[in-house]
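K.L.:
Copying in the features that TrEMBL gives for the protein in this structure:
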- 42-258: domain 'Ammonium transporter AmtB-like' (DOMAIN)
- 46-65: transmembrane segment (TRANSMEM)
- 77-97: transmembrane segment (TRANSMEM)
- 109-128: transmembrane segment (TRANSMEM)
- 201-217: transmembrane segment (TRANSMEM)
- 229-251: transmembrane segment (TRANSMEM)
- 272-291: transmembrane segment (TRANSMEM)
- 311-339: transmembrane segment (TRANSMEM)
């Protein structure tokens, strides 16, 4: 490796070794839930779908930069395999503290992979700016905070457990945007953050992967799986048609185009997680409140307005708690990531694989 590049030999391997030893200690010290291992052969295909979505879907989705393909897929895979172990460990601690109930098995692994979606989305916002040490620290901090946010929603706001996992998109997008706002902006003349037709094609392929497996993701913990799959697929289909329609209507020459919101909003958002995950999550949360109110009002014939108001308070409270926690803790995490100990990368080295990988 050329001398002008900063070496992570003294930090990354030892950090990974320390974390792996900590995660493996779970098996040796056997938290209470470890004895309750179970395996459901019928649940495994759904777990596979979620795993494919996170590893393949987001791995390709993040390959939008022309000189950052190795890092996009490689760091995504590293964060997932580390984060899933961390998420399982956090769930064990919550079980130990009686803040959460369940048992260890394929379903808990699926919850861990789903929780990692928040981290992968956040990583897309800081793509090309954060080094491996910063990404690992960000992942661990975000996972812990996301689990705490879920516990608050479940315990105090009475949100069903399966619905709290649907907040991963909201939490991940705005946590990542808050983190990336703490990083220096790349200089105007830096062209390494551009995409190419080939990198854009890989990103579109990743988006299609995510689209394909999204019904499994939404239904993995739902009580009525068939209804969740049907509703999700129809919603995705309508959204895809609307995206093509609006893209053609809003472009000057009537051509389809991607990623057109960052310049007017002046966001530091490398892979467009704000309009891919953040805005849809906000719209989905608002729509969920409206539909829940209409459904409850029809059932009760609009007779008990106090219970309806309480329901609105809980739904809106869960949304506000999730997004505010993501923004505040993301901002604090971004400030922490820029301390000298974590070896922040100079802006001139942003968006470059050669800083981390040996090329053939």
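Positions of Cβ are set from backbone N, Cα and C atoms, glycine also.
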K.L.:
Given the transmembrane segment (109-128), which of the listed stretches 77-97, 201-217, 229-251, 272-291, 311-339 has the most Cβ pairs that are under 8 Å apart from it?
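P.N.:
So the stretch in question is 77-97.
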K.L.:
How about long-range neighbours of the transmembrane segment (77-97): same chain, 6 or more residues beyond its ends, C-beta under 8 Å?
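P.N.:
Contacts of the transmembrane segment (77-97) (Cβ under 8 Å, skipping residues fewer than 6 from its ends): 16, 19-20, 22-23, 26, 31-34, 54-55, 59, 104, 108-109, 111-113, 115-116, 119-120, 123, 132, 135-136, 139-140, 143-144, 147, 151.
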